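Features as listed in Swiss-Prot:
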BINDING   T131, G154, D176, N223  S-adenosyl-L-methionine binding site
Amino acid sequence: MAQSRLFFSADKAEAERTYNILEQAFEDDGFPIAITEIDEDRQIFEVSVYVEDDAEEVAARVDALVGPGLFDTEELPDIDWVTHSLEGLKPVRAGHFFVHGSHDRDKIEPGDIAIEIDAGLAFGTGHHGTTAGCLELIEETVQTEHPTNALDLGTGSAVLAIAIARLAPIPILATDIDPIAVTVAAENAAKNGVAEHIVTATAEGFGHPIFRSYSPFDLIVANILANPLIELAPSIKEHLAPGGSIILSGILDSQHDAVLAAYQTQGLTHQKTLHREGWVAIHLK
C-alpha cells in the first residue's frame, strides 16, 4: 500500500500551532500526526502527517488549513508508520509522572511514577499537551480527594486510567468508542501492572449497560474534544457522585470558555485550568 509523509519544519511555537490545527482537523481520519525536534540548538521542530494512498487529497486539505506550499511530500517504504511516527518523541514528565516508550526505560529516575506507552493505533501517549495537563490534575486530585472509583471516558491508550491506578488501587472503568483503542488500553494496563484495577469496554457515551455497575463515579476524566465534551455535559454530571471531580481536556485555548460554561450550567464549580502547548485541562467539582 502506498504511503507518504507530508512534512513541515519551523520554530517551536509555529510548529506546535500547526500541529494543533492539523490534529484537531484530522481527528476523525485517524492519520498519525507527529511533532519532533530536529535541531535542538536552534529549536527547530518538524510536523509530519502520515497518509496512505490519498496524499494529494490530504495535501490539499493541509494547504487549506495552514496555507499553501508549507508542507513537502515524500513517498515512504511500506512499514508501520503508525508506530514509527512517534518513535522519535522524547519521554514526557507531568508532575511526578514519567510517560515513556519501552526504548526509554533507562531514563526512569528515582521517585518517578513511570507509565510505559509505546506509539500505536490508539491516541494518547502522554506526549501531547492536553494529556500532560490531565496527568498533572489527576495527580493533584487523586492525592487530595482520595476517590474510591473512577471513569476514563474516551480512554485511547489508557494513559489516564493507568495514571489513576498507579496512584490509587481503586476500580477504574476505561471506555472508548473505538474497539482497537479498547484492546490497546487493556494491553497497556497489563503492561503497566494495573490490569486488576482497570475494566475496559467499547462504549459510545453512557449507553453501555456496564455503567449501571460502576456509576456514580468519584472521579471522571475525559480527554476527548470540545464539542463532544459539551454534548456530554449533562450525562457526565448525571454519573458523577456527590462531591466528585471532573477533569476535562482535548480543549483548545479558544474553546475553554464554551466548555466551562456547559459544565457550570450543570451546577459544577470551576476549580482550576492548566494551559499546556495551546491546550487546556479543566478541573470542576
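Numbers run from 1 along the shown chain.
Glycine too: its Cβ is placed from the backbone N, Cα and C atoms.
If you compare every pair of Cα atoms in T131, G154, D176, N223, the residues listed for S-adenosyl-L-methionine, the longest distance is 16 angstrom. All protein chains considered, the CB of D176 (S-adenosyl-L-methionine binding site) has 27 other CB atoms within 10 Å. Annotation for G154 (S-adenosyl-L-methionine binding site): spatial neighbours T175, D176, I177, A222, N223, I224, P228, G250, criterion Cβ-Cβ under 8 Å with sequence separation of six or more. Its Cβ taken as reference, T131 (S-adenosyl-L-methionine binding site) is surrounded by 29 other Cβ atoms within 10 Å in the chains shown.
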